[in-house]
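For reference, the structure discussed in these notes is given below.
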């Protein structure tokens, strides 16, 4: 993580600048799919979210709850870009891998994918090792002996909680998201102010 600019003078500043640039692209390009290179494999967006909201409303919804952010393809893409600036994108990538894993129906595919996910994210010294306590790590290892769609539930839940309590608040407070939310608020006909959403 970028704790001090002096420690990573070039990388952190460049990543932060890239994050702001990419969030700007989200607002000005309603069809995100037209530029698939902008956020790599996490760019799925379209000008309307799955619940029918336009992009500006989608952006403003990300601050309402972590669930709304994770349910938005644009939100996931933006959050992933932000996490890359903090060198902690493995948490979201693990969560997404678990979501895809739970959709599998073949026992053979479940077992194969489960071991891949464990090797990539869970085992000690894994390439994208997520921060889990020893008990959770060993429980997950045991679950792999008879892999089911729920074998990562505990680990996924703890990773989600960590993101919600730690990374998500910083994402909302980041200058890049605050600027984007202000622009989205002014562009949205249903929003009168960039202030906190009303609950009437």
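Just so you know, glycine gets a Cβ as well, placed from its N, Cα and C.
The model shown is predicted, which means the values in this text are computed figures rather than measured ones.
As annotated by Swiss-Prot, S-palmitoyl cysteine applies to 2, 12. For 65-181, the entry in Swiss-Prot reads domain 'RGS'. The phosphotyrosine annotation in Swiss-Prot covers 168, 177 and rests on similarity to another entry.
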Practice item. Tally every other Cβ atom lying within 10 Å of the Cβ atom of residue 177 (phosphotyrosine). Key: 22
Point to revise | residue 168 (phosphotyrosine) and residue 177 (phosphotyrosine), Cα-Cα, nearest whole angstrom | key: 11
Check your understanding: Looking only at the domain 'RGS' (65-181), what is the mean pLDDT?
Key -> 96
Practice item. Determine how many residues of the domain 'RGS' (65-181) DSSP places in helix, in strand and in coil. Key: 89 helix, 0 strand, 28 coil
Check your understanding: What number of additional C-beta atoms lies within 10 angstroms of the C-beta atom of residue 168 (phosphotyrosine)?
Key -> 21
